[in-house]
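Engineer: Got a structure for you, questions after.
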Amino acid sequence: MSGYSPMFLVILSVVVGFTIRWFLFKTGLIHTIRIRFPRVVDWFHVYQFLKVPEFNETNMQRNNLHRKVSLYLHSLPSIEDADYTNLITANDQSDIVLRLDPNQTIEDRFLGARLYWFNQKTEPNRISSFVLQIRKTDKRRILRQYLRHIDTIADEMNNQSKRHLRLFMNAGAGGGTRWRSVPFNHPATFETMAMEKDLKNKIKSDLESFLKAKQYYRKLGRAWKRSYLLYGASGTGKSSFVAAMANFLRYDVYDVDLSKIRGDSDLKFLLTETTAKSVILVEDLDRFMEPESETATAVTASGIQSFMDGIVSACCGEERVMVFTMNSKECVDPNLLRPGRVDVHIHFPVCDFSAFKTLASSYLGVREHKLFAQVEDIFRHGATLSPAEISELMIANRNSPSRAIKSVIGALQSDGEGRRSYADSIGRRIEGDDVDEAPCGGDGFSTVKDLRKFYGFFKLRNPRRTSQQSNSSPHDR
């Protein structure tokens, strides 16, 4: 060493020092030591493990504490330090959030204590559990306060995301959670519904009264729930009405598919997995209740009745609205729809003139038009179309209100001759020069001639249908 000058040794030590410092920070070794060293210290402490399962083992009902712990943990900054996290989109599709991967550990600190949460999922059912690791010396001191802290934070987060509704759909047979969800972003409201104003106001008043009636239901000894039957032909707005109801109540929607249910007990189990503040929807119930129905389901009529007003419905149906839809209730056992099982029956008829005006206002932005008198006269003579059919005609010609209304007039006039000919009759009957021209490149048809060409092309693409009509007897025509 005597051969090296002091200046060289100083420079060498500085270079070596900077090299080691660079190595430690650039390779993340310092970060690893900061994480692992407390774990080494933890080996000298006695820990207790507390498990928060996704379902209560006694009745297999969803554990509300598990949901709150999940909300709380995913709000912690330390989730970014987990070895594996999932990047997913939030309710706002422009936001990206982190979600803890299964079998990962996240650290939390509370009142000077260090706590660890482990996200545990069991195979093959993928049932989730959160396991809390806490020192025994800290358990008595902070555990109750810590759980209250989690409850408070989760409630605050839940209130902040209260406006983000979810649509739940039941999965097929199999273990684990049976509901899958997506954001519920349906834009329907009562204001956009083509429905009589008086009926609409009565329904809104009934729902508002239900929201305020918790103590009244308790006083009567009844479950705080309400049930509705929506019946009418397809395309009359039953599904949109359910969406408007959910948006009005700010309730999640549980869409029950009876064809995926294994039996009566499975249907009850699904009900226990629903949450409060929700609309439970069963669509096309009449298809499953008809004696010679081709729609397969393992659920019996008595199982449906128990689902409506049985003991499980009374115990697990609090603060819920049940909605059943049918095309017709004529072939359904009246006992299934008696008061107590269904509180309110709402008929959805085909479109009338009042509903037409509502649709014209919503789809075309038109409240009054000189063709309205002609439309009203056609409705008065018994012509009918469903709101779905009228709305599709308006959407196709939305750039020209006059053309849209004339297309509706043509379809209404063809109603008496049969729906099969209404495509031809639109081109044949819509005449005159009172047609608003659509901008170049706009939607819809710019001229009656274009409209005729379109439906001519439509006929050429359907030779089977044309040949069937030509082979039909004069009596059929």
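Positions of Cβ are set from backbone N, Cα and C atoms, glycine also.
Note that TrEMBL annotation is computational and uncurated.
As listed in TrEMBL for this protein:
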type     : residues : note
TRANSMEM : 6-24     : transmembrane segment
DOMAIN   : 31-118   : domain 'AAA-type ATPase N-terminal'
DOMAIN   : 228-349  : domain 'ATPase AAA-type core'
DOMAIN   : 351-415  : domain 'AAA+ ATPase At3g28540-like C-terminal'
Engineer: Take the domain 'AAA+ ATPase At3g28540-like C-terminal' (351-415) and count its residues per DSSP category (helix H/G/I, strand E/B, coil), listing them in that order.
Structural biologist: 46 helix, 0 strand, 19 coil
Engineer: What is the pLDDT of the domain 'AAA+ ATPase At3g28540-like C-terminal' (351-415) when averaged and given as a whole number?
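Structural biologist: For the domain 'AAA+ ATPase At3g28540-like C-terminal' (351-415), the model's average pLDDT rounds to 87.
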Engineer: Could you put numbers on the helix, strand and coil content of the domain 'ATPase AAA-type core' (228-349), residue by residue per DSSP?
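Structural biologist: Across the domain 'ATPase AAA-type core' (228-349), the residues distribute as 48 helix, 27 strand, 47 coil.
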